[in-house]
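Everything on this sheet refers to the single structure shown next.
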Amino acid sequence: MTVAVYPGTFDPFTRGHEDLVRRASSIFSELIVGVADSRSKRPFFGLQERIDIAKEVLGHYHNVKVVGFSGLLKDFAREHNARVIVRGLRAVSDFEYEFQMAGMNRYLLPDVETLFLTPSDQYQFISGTFVREIASMGGDVSKFVFPSVEKWLVQKIASGTQHSE
């Protein structure tokens, strides 16, 4: 049984994220989606909101668990007995950062591999930042996020409460 972790901020959880989960969950016996606290990024949604959103989108996957975490990824991976870290690469601009992160993770966790997956063509340009910006200006984000996520975005924007927690 090979366990993999797919860490990220997921702010918000997009169709691109789900695409990677769908594909990674077909490779590994168990996939743990690790929703990172990442307070330094000042997330739009609070940690519990991001966990709840991801659970709504991914609830139909039987071998996928959504778990929040703070601290080092190495500790999270060890806690879940993960052998692989899954990361998405949308563009060449992602590669340098992800390559450095993979090197650091290999140093900290020599027995854990990093697997890079590229999103399906229709999702290569999607980012949480773009989705939040479009939604905050009243634009249509239905092609980028699932209806439940769009609902969360609309409610959050209407409430004016960002960066909770």
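Positions of Cβ are set from backbone N, Cα and C atoms, glycine also.
On a predicted model such as this, the values are computed, not experimentally measured, just so you know.
What Swiss-Prot annotates here:
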type    : residues                                                                                               : note
BINDING : Thr9, Lys41, Leu73, Arg87                                                                              : substrate binding site
BINDING : Thr9, Phe10, His17, Gly88, Leu89, Arg90, Glu98, Tyr123, Gln124, Phe125, Ile126, Ser127, Gly128, Thr129 : ATP binding site
SITE    : His17                                                                                                  : site 'Transition state stabilizer'
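DSSP assigns Gly128 (ATP binding site) to a helix.
In this structure, the binding-site residues Thr9, Gln124 were compared by how many other Cβ atoms lie within 10 Å of their Cβ, and the smallest count belongs to Gln124. Minimal Cβ crowding within 10 Å, among the binding-site residues Leu73, Leu89, Ile126, is found at Leu89. On a Cα basis, Gly128 (ATP binding site) lies 21 Å away from Leu73 (substrate binding site). Reduced to three states, the DSSP call for Glu98 (ATP binding site) is helix. Here Ile126 (ATP binding site) is positioned 14 angstrom away from Thr9 (substrate binding site), judged by their C-alpha atoms.
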